[in-house]
Each structure stands twice: as structure tokens, then as C-alpha cells.
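**Student:** I grabbed these lines from TrEMBL:
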type     : residues : note
DOMAIN   : 42-170   : domain 'Cytidyltransferase-like'
COILED   : 201-228  : coiled coil
REGION   : 271-331  : region 'Disordered'
COMPBIAS : 281-301  : compositional bias 'Low complexity'
COMPBIAS : 313-324  : compositional bias 'Low complexity'
């Protein structure tokens, strides 16, 4: 069931139990009787620094019987300071903390330290729920002794490891830490009851902690940057290796022993050699046949022909050439 409003105060509520209040036994209450009204269970306490141990005790009190109405009594500051000691939260804060607990049906403010028959009758209480450990206070070994003797007491279990005293002990033990924390959050030394020297010490420690935090952040960022650089360098090296393998493969394919470049070079070089070296002349050339009319030892006429001089320079050159050809034939 979803709760949408806090529990009411007993002195402000108009929801009073109208049924005749007949005394019940625990066996009857556990059977869920009477059917016309819930079993009214009462739990009281100081409830300073309301915590999970308080809530679990109230949950147990609420679920003791199938049909129950839980009333919670909260003692005032005067009674608490008188019989138990100083509280962290004042009575108004403690009342409001109880009103917002999901197991509480009604809150009784300024509850008595010792339960009287008049109080039990006024609020028509059937049973009182509390842990079974004797609670010595106000000159009594157990303030619930008469409730137990009347058969109206139902025990609950304490939650180990958590209590108001434990929380206060933590604060006292780590006082410097919490004082520095609140100074850093804007509280004054006067509000914290801190001396001038301690205030300066705490503020200096806060500055040192800030510097340590900055150094830590820088180290973390540096590590992150180095990791990123390593990742990128690894990727670059891998890509470079792939490209180098590809380059070497292409180079071998082109310039290797059976590469295309070698074949192309051989073809071009053979073409150049053919162009530079023409075909050789035949070794045996045909001999000229000598004219039978010529004698082996021709006689030369050194005298010029006076009767027919050359008519032109061309004719003179032609005659000279014919003479030279005759000389070659004679050789």
C-alpha cells in the first residue's frame, strides 16, 4: 500500500477507536480477533537520529499481529535530558521523523517515561512492544516490569551494529574530519565551536586535500592520455606493417626475378640493340670479270689530246672521273 500522508498526531486526530475496549490475550490477538477493530500496539522511545534499527523495531511491532494499529510514543526533550542525556535532534525533529515512517499509524507526543494505567486506558492500548533487554532508568531496574507482569508485553529484536550511540561515537571519533567538512561547506568556526588555531589548521588541511585531488586528477588524465596514445600508435604500427607488406609485394611483383619490369626491360633493350646494330654484309662478294680486250700491263698516254679540249668544266670533271675509274680497273 502506498502512503501519501504522514501519520497523524494522537492529540490532533479525530479517528478514535469507538468499539468497546475489551482486554485481549496474545493468543486472541494472533488469531486476528476481534474482527471489528485492529489490535492497538504501542511502542515508545527517544528515536534520536532516526535510523534503520528504529525502523526495523517498528516494523516488527506493526507485524506482530495480523490486524494491528501501531501507536508510537516519543518522549520530550525535558524528560530525555533528565533521564537519558542530551539529544542531537530536538523533540520537534524527532516527532516529524516518526510521522514519516511507513509502519507508524499514529504518533503520541510528550509520551511518559513510565507507562501508567491511566495512559494505557486513555489510548486503549492492548500491548506494548519493545526489546526484551531490561531497561533500567528512573530508579527502576526495568521500566517495563509491570507491563510484563500484566501480560501486555510483546518483545521485538534489536538490530545489531546500529544505534544512536554508535552514530554519535563515529562523529566524536572522526571529529576533525567532520569539522573540516563543515568548514569547507561554509559553516563558521563559531558555529562549530572551533578555536582560531584549529580553524586555520583545518582550512590548511582542506587546501592540501584539494591539491592532492588535483594531482590525482592530473595523474588519471595523464594515464588516460598515455593509453590513448598507445592505442593510436598500435593502430598506426599495424597499418604501417600492412602497407609495408603491400609495398614489398608490389615491388617484388614488379622488380623481382620474374617481374614484369625485367621482361619489359629485356624487350626494350633487344629492340635498341637491333636498332643500333644493322645486318652484316655477306662475307664473300662477287669478283669482277676482267675485260678480255685489256692487257695486263696497260700503257698510259700522258700526252693530252690536243685536238679535242673539254668544252666545259662539267666535261672536264667527267673526263677526270673516267680516268680514275680506269686506274682502279687496272689495279
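For all residues, glycine too, the Cβ spot is worked out from N, Cα and C.
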**Student:** Could you please provide the mean pLDDT value for the coiled coil (201-228)?
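**Tutor:** Over the coiled coil (201-228), the predicted model scores a mean pLDDT of 83.
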**Student:** Counting each residue once, how many in the domain 'Cytidyltransferase-like' (42-170) are helix, strand and coil under DSSP?
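**Tutor:** Secondary-structure breakdown of the domain 'Cytidyltransferase-like' (42-170): 45 helix, 26 strand, 58 coil.
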